[in-house]
Amino acid sequence: MDGSDGARRVLVINSGSSSLKFQLVDPEFGVAASTGIVERIGEESSPVPDHDAALRRAFDMLAGDGVDLNTAGLVAVGHRVVHGGNTFYRPTVLDDAVIARLHELSELAPLHNPPALQGIEVARRLLPDIAHVAVFDTGFFHDLPPAAATYAIDRELADRWQIRRYGFHGTSHRYVSEQAAAFLDRPLRGLKQIVLHLGNGCSASAIAGTRPLDTSMGLTPLEGLVMGTRSGDIDPSIVSYLCHTAGMGVDDVESMLNHRSGVVGLSGVRDFRRLRELIESGDGAAQLAYSVFTHRLRKYIGAYLAVLGHTDVISFTAGIGENDAAVRRDAVSGMEELGIVLDERRNLAGGKGARQISADDSPITVLVVPTNEELAIARDCVRVLGG
């Protein structure tokens, strides 16, 4: 591939602690010229010892797809950054000063921001003549109403340490809400929506027009819905209780809540296909995990129906939301009195692209809307660079 077609492309990088995902995107037409993932970064016996090696391998994979970044019309590298704190909430061109400030904010997202910064620093070194832009997961939720963003704790402490509800998966929630409006051929500003991003990480949002009114994740991505490995909402006293009675350290409890809780903590597996197999075999732990997951999901749907007052559309997205018809059914079954009438035939039918799964006479339209965070990030990059 060369730039002779005149297309402008953005290389989108999502750098995690043990994996690096990449996609070369044409932001105008939404076409991905190449996509891939480098895994097992830094693991023992892994051929990818660090993020420098990971990005070089990604470049090799791009070359294998016929992509030469020097001639591919590359105009920007977009980096997904989970947490921007109160400082960064719009797409931001990366320079040394911005990166230094992001390092200072890593305490707010110690599991996510440091590997993202490693990816940024390597990418800037390997592609020094291209603009690098950070797009923040927290950005869309920066302007949550104070009643939703504020925790009822000591105000002085909260202000001093920037403790508030930040929300995450914001790029996905914004993109899906826009795609839902386009699918319905209705103005975005006139719609009230609930978006359910259900993957290994899960989050919900209530959105009025272009403004989010609430979201399930909080100071960190640990709060809210039950997830693959994360607990979601718990009584905060569980932390001190385990420290005092089980002799665990705070870091140990935090690690347990992030990595050994949620569906995997209850059932031993986090893949919903495997969970379904265990349920069908009569595994009680798997059934309990599924019941806890859907119970929490239904609670948030009900809460956000109340927050919005009137709801036009509910959209399911991400890996589970897009592909698991049973989760969608169990999330809204019995809610006919609340205006949600699912069409089970439509729900079971597959298909690509956005599709309606509610009955035609359902007061609230229910959709499946594939997310595309990479495309949204690419478009944000072009926008901030004045393209």
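Including glycine, each Cβ sits where the backbone N, Cα and C put it.
Pulled from Swiss-Prot:
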BINDING   ASN14, GLU373  Mg(2+) binding site
BINDING   LYS21, HIS197, LEU198, GLY199, ASN200, GLY201, ASP271, PHE272, ARG273, GLY319, ILE320, GLY321, GLU322, ASN323  ATP binding site
ACT_SITE  ASP137  active site, proton donor/acceptor
SITE      HIS169  site 'Transition state stabilizer'
SITE      ARG230  site 'Transition state stabilizer'
Whole-number answer please: how many Å between the C-alpha atoms of ARG273 (ATP binding site) and ASN14 (Mg(2+) binding site)?
25
In the chain carrying the residue listed as 'active site, proton donor/acceptor', residues 6 or more apart in sequence that have Cβ under 8 angstroms from it:
ARG80, VAL81, VAL82, HIS83, GLY84, PHE168, HIS169, GLY170, THR171
Return the residues near GLU373 (Mg(2+) binding site), defined as same-chain residues 6+ apart in sequence whose C-beta is under 8 angstroms from its C-beta, sorted by sequence, else 'none'.
ASN14, ARG80, THR171, SER172, TYR175
Please classify the secondary structure at ASN14 (Mg(2+) binding site) using three-state DSSP.
strand
Over all pairs in LYS21, HIS197, LEU198, GLY199, ASN200, GLY201, ASP271, PHE272, ARG273, GLY319, ILE320, GLY321, GLU322, ASN323, the listed ATP binding residues, work out the largest Cα-Cα distance in Å.
23
In whole Å, how far is ARG230 (site 'Transition state stabilizer') from LEU198 (ATP binding site) when you measure between their Cα atoms?
13
For each of ASN14, ASN200, count the other CB atoms within 10 A of its CB; which of these binding-site residues has the top count?
ASN14
Indicate the candidate from LYS21, HIS169, ARG230, ARG273 with the smallest number of other Cβ atoms within 10 Å of its Cβ, considering only these recorded positions.
ARG273
Would you find the one among the binding-site residues ASP271, GLU322 whose Cβ has the most company, meaning other Cβ atoms within 10 Å?
GLU322
Which residues does ILE320 (ATP binding site) neighbour through Cβ under 8 Å, counting only same-chain ones at least six apart?
LEU198, GLY199, CYS202, PHE272, VAL327
